[in-house]
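One structure is given below, encoded as structure tokens.
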């Protein structure tokens, strides 16, 4: 950027704008990565617990298979997208290789599409379970669910390859310095026609939000009408021309309200997951839609700094959705809640047991060294016996000799070598 023709007042104004922008970016560069770090931590732990619990033998059904697929999509998003975006907020330039720009945006779009279409499959699964409970039993199996997920994921992956290839590192002038970021090059340089740009933005709006959400809303509407017509416990039913309550009817009728109540609980959980997703992704989709309408003029130019804050907040809200589903499962599903507690107890027991064993080995080693130091250099009738490094004892043996100290030295040296090797192997994983 040329500054020779600027007056002193213009240079002062430009310097003030630059200083204010840098100050704002520094604050954002601390706040947003911190929020993303919390999202990553909560999301990784929560979704990993969901996968572990849902893989249990007693939890194997079509709905939980879809929940596993949704958790895997969130894990992919948390591992391959959020960390790079956090660094991008903290650094003024793109510090990663160029291929990472394409990879991140490919996985970001893929995981977003996989999540929403998995939610649509969950709505279809609930619809079949409620409206056609008997007819759909052979169709709603974990195996068929995995086949449906793979079919949809293959289509999504194939369709998002061009989106990944469209992205690259865009270098631009920013007041007094050069910067770079990851963006769609044809849109960032305004080389794309308005039709091309709007096609990109609105394709995501339609196939990544409006269409799957619309299908899910229709399915839930039909499902809720069916659930509303189902009898509740204690209501009278007509059987054989006379009215019977659920208590004095046959066993199959008695069991029907309990099964209906269970279906209502599962349907309520899946519906809450869908509503949460829709609310979290709505602001970002609105920003996408407005960006398509405003192209080639950026929204920041037409709406000012307030639009920057809105775009950042909408992105943070969309990313937050990746860690909310496990919280909903824990709050609304007793089976998941009990599974989470069971897995956490198991992990805590293993960690505490491992810490106890480590402390026990250290104590045993100190005891051996103490006995060794207190033992005469040439004992006449004492043998130090060590059993696997776990305990030591002094046993009297008239047939022992001074050479019995050598195995102890060998054992201590072996322990030191083992600990050093363990330390090196552990350090090698700290990349």
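Including glycine, each Cβ sits where the backbone N, Cα and C put it.
When the topology recorded in Swiss-Prot is consulted, residue 23 and residue 298 turn out to share a side of the membrane. Mapped onto three states, the DSSP output places residue 182 (disulfide bond) in strand.
Residue counts for the topological domain 'Extracellular' (1-34) under DSSP, split into helix (H, G, I), strand (E, B) and coil, are 27 helix, 0 strand, 7 coil. Here the listed stretches are 35-55, 144-164, 204-224, and the one with the most C-beta pairs under 8 angstroms to the transmembrane segment (269-289) is 204-224.
Summarised as a single figure, the pLDDT of the topological domain 'Cytoplasmic' (225-268) averages 59.
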